[in-house]
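Taken from TrEMBL as is:
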- 60-86: transmembrane segment (TRANSMEM)
- 92-115: transmembrane segment (TRANSMEM)
- 155-173: transmembrane segment (TRANSMEM)
- 193-218: transmembrane segment (TRANSMEM)
- 270-291: transmembrane segment (TRANSMEM)
- 297-321: transmembrane segment (TRANSMEM)
- 379-397: transmembrane segment (TRANSMEM)
Amino acid sequence: MATVIQNYCDLKVFLKPYFRVMALLGIHYSPDESTPVETFAVGTSKRTKMLRWKKIAYKAYQLIVLLLIWLHVLRYTVCLFIAKPIISKSSVYRLCVFCYCLHASITTTVILWMFSKADGFDTFIDQWNDVSKKAASLGCKQEVIGKQVRRTTRVLLFAMVIVNCTGGVGFLINTKDGNELIKATLAPFGYSLVGLTYGLYILQSILWACSLSFFAVVTKCLSLQFKLVSQEITGLVNTASSFPGKILQFTRLHLKMCDLVDLLNQYYKYILASTFLLNIIVLLCVGYSVIKSALMNLSLILMMATISVHGIYNLVSLSLLSANLHEQVHKPLPSLYKLRGQNANLEDVLEVNLFIAKLQESSVGITAMDILLVKNGTLLTLFGVFLTYLFVVIQFSL
């Protein structure tokens with residue numbers, strides 16, 4: 001649950017479980033959260049030197065993790081071209097696994113990049129705390145954020161565990177040497193490194209689950225904060241008989257929160273773009289296999305079903321969370337249109353009008369490489385493209 005300290009939502013305390021898991025996985029490191037060395041170090045210079053070496057050692061660990069997951073991607077890239085025959089019943093499966101591994105690697109790399117930059121997530125945390133304190137002082141109940149985010153986190157993690165466990169079962173079924181699925185999975189390293197293959201797959205699955213759930217939690221927190229501010233703005237407009245001077249405090253707070261969205265979008269846009277592109281490819285491949293009846297193996301059927309559910313889950317969850325954020329950002333607009341201007345000076349009215357113009361631009365939100373702004377209709381558009389492709393394949397198959 002998000003921790004409310006001194007009447008504000010301390011997001012850093014709330015995300016501490018994620019930080020601990022990410023530290024084990026080689027994604028996140030902060031000297032402030034590490035075990036203090038003051039208890040056994042003598043002198044400032046020695047303490048600084050130990051912290052420096054500890055940071056260098058962890059940086060090396062991060063590079064090793066990144067190297068492993070990208071070598072895993074390279075292995076599947078090789079599988080696409082050296083498998084014999086190159087075109088077989090498992091070709092679509094190999095492409096799907098490649099997309100899955102590439103998506104997990106891109107997501108992990110972007111999250112690591114966000115944590116490593118000086119103006120990255122640490123800056124976001126500092127600005128978030130300032131916004132939360134200001135929102136609490138204006139009457140926004142910060143404890144609501146913790147309750148709702150905790151519920152969302154449980155649902156997301158439960159779904160991720162189910163998807164990954166089902167995929168693991170697909171690997172374990174019918175593992176005989178003649179199994180075409182296992183050949184496609186382990187090539188080109190062969191059966192001598194089965195344990196390494198499973199280990200890398202599990203590592204990427206955990207990294208994928210942790211990175212995307214982190215994306216979801218932070219996005220949900222922002223959406224709830226915007227919702228609280230929007231409710232206060234709506235309440236002021238509906239109850240005031242003249243221009244409410246307090247509304248300027250909420251509009252300025254809202255603009256600061258928009259800056260937080262822009263800061264996150266610098267990194268999230270890569271995650272969202274890879275999610276859309278790679279998972280759409282996966283769903284198109286699965287649809288093609290079903291129509292062409294290429295799924296003849298029990299393991300292959302189970303794994304393709306798991307990958308398709310995985311792709312749908314990625315698209316739906318991230319699209320809905322990003323679309324909800326966009327909706328909450330622009331939710332004050334209908335109320336502001338009804339704002340009365342009695343007893344208001346020109347500067348205050350001009351400031352509110354500039355705020356309305358800012359929201360009308362519709363550019364505040366999470367995008368895919370600054371090309372596609374995720375809104376409520378984005379998910380329907382993506383599935384419309386998928387269904388159109390399926391109908392075309394069906395017509396050529398008749």
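Cβ from N, Cα, C; glycine included.
Within its own chain, the transmembrane segment (92-115) is flanked in space by residues 22, 26-29, 62, 65-66, 69-70, 72-73, 76-77, 79-80, 83, 121, 181, 184-185, 204-205, 207-208, 211-212, 214-215, 267-268, 270-271, 274-275, 278-279, 281-282, 285-286, 288-289, 294, 300, 303-304, 307, 310, 314, which lie at least six positions past its ends and keep a Cβ under 8 Å from the stretch.
The list of residues near the transmembrane segment (270-291) in space but at least 6 beyond its ends in sequence, with Cβ under 8 angstroms from a Cβ of it, reads 92-93, 95-96, 99-100, 102-103, 106-107, 110-111, 211-212, 215, 304, 307-308, 310-312, 314-315, 318, 322, 366-369, 371-372, 374, 382, 385-386, 389-390, 393-394, 397.
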